[in-house]
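A.B. asks: Structure incoming, see below.
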């Protein structure tokens, strides 16, 4: 409580992506277009799955949740980044900074757990197909989604508590375009070595353990595909390769950012742009371009809309 009472900083100032005004204007248009396409693409996937009965199965149930999380995840940081590209003084209040930090880790951690669950779903479907309907029924799927949100919330609460328990009495300049734990705790008026270790341990353990679980699942799947027919192998590889591309695009930046006690914020900003702006857009593109069922369902919905 004493640490909280010492807090005197009321707002933070972002340095942003660059200090070059011309580059900021040039960045604004493509980032705005990317964000709008992210919202549209992921929203279309959710709507398509909800209104297509034959897609009401575990794989697409999880995919719709992934699209929802991507919408939320990008919306936590991108609007503030776009605002900062147009303003000379990029500020955020202390309370809003902590809120942004909380929701950033909530959605990021929930996505990590969801991608791990999706890998397990594919493992059951391909390796033990006769038990799939019993193991992955809708009741279990709903329970898994509840568990991943609970896990994401607990992780985010831990990260947020470790951040706000520190005293902030200046400076208040964040070398980033959004509030995240590493750049924020650097501004604390006390030694943050132990806090940094705890934060890296929390995020790093989750990222690495889930990534190892994913790699293990796909390794077992690849070995089991030798027993499948040519058509079965083709369909399974198409689904799994799309999912693994999403995993690599998301886990790579997360492991890079959150498993190092010391960060280079100039490099971190580039990596952060990739996983907060680019990856949420690539997810719907990867799944729709490589998934005939989703593409066909979207065409049917469009035809129904035209006919009505």
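The backbone N, Cα and C atoms fix where each Cβ goes, glycine too.
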A.B. asks: Can you tell me if Swiss-Prot, going by its topological domain labels, places residue 13 on the same membrane side as residue 291?
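C.D. replies: Going by Swiss-Prot, residue 13 and residue 291 are on opposing faces of the membrane.
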A.B. asks: Restricting to the chain of residue 97 (disulfide bond) and a gap of 6 or more, list residues whose Cβ falls under 8 Å of its Cβ, or answer none.
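C.D. replies: Residue 97 (disulfide bond) has long-range Cβ partners 12, 174, 179, 184.
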A.B. asks: Determine which residues of the chain contact the transmembrane segment (237-257) at the Cβ level, with the cut-off under 8 Å and only residues 6 or more beyond its ends counted.
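C.D. replies: Contacts with the transmembrane segment (237-257): 59, 66, 108, 111-112, 115, 118-119, 122, 126, 182, 203-204, 207-208, 210-211, 214, 218, 221, 225, 263, 268, 271-272, 274-275, 278-279, 282-283, 286-287, 290-291.
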A.B. asks: Could you name the stretch, out of 25-45, 58-78, 98-118, 144-164, 269-289, with the greatest number of CB pairs under 8 A to the transmembrane segment (205-225)?
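C.D. replies: Answer is 98-118, with the largest number of Cβ pairs below 8 Å.
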A.B. asks: If one looks at the chain holding residue 105 (Cu cation binding site), which residues at least 6 apart in sequence have a CB under 8 angstroms from its CB?
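C.D. replies: Listed in sequence order, they are 152, 155, 156, 159, 160, 181, 203.
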A.B. asks: To see if you understand the setup: which same-chain residues, six or more apart in sequence, place their Cβ under 8 Å from that of residue 109 (Cu cation binding site)?
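C.D. replies: When sequence neighbours closer than 6 are ignored, residue 109 (Cu cation binding site) has 151, 152, 155, 156, 206 within Cβ distance under 8 Å.
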A.B. asks: Among the recorded stretches 98-118, 144-164, 269-289, which has the greatest number of Cβ pairs closer than 8 Å to the transmembrane segment (58-78)?
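C.D. replies: Per the Cβ count, the answer is 98-118.
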A.B. asks: What count of other C-beta atoms do you get within 10 angstroms of the C-beta of residue 179 (disulfide bond), across all chains shown?
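C.D. replies: Other Cβ atoms within 10 Å of residue 179 (disulfide bond): 24.
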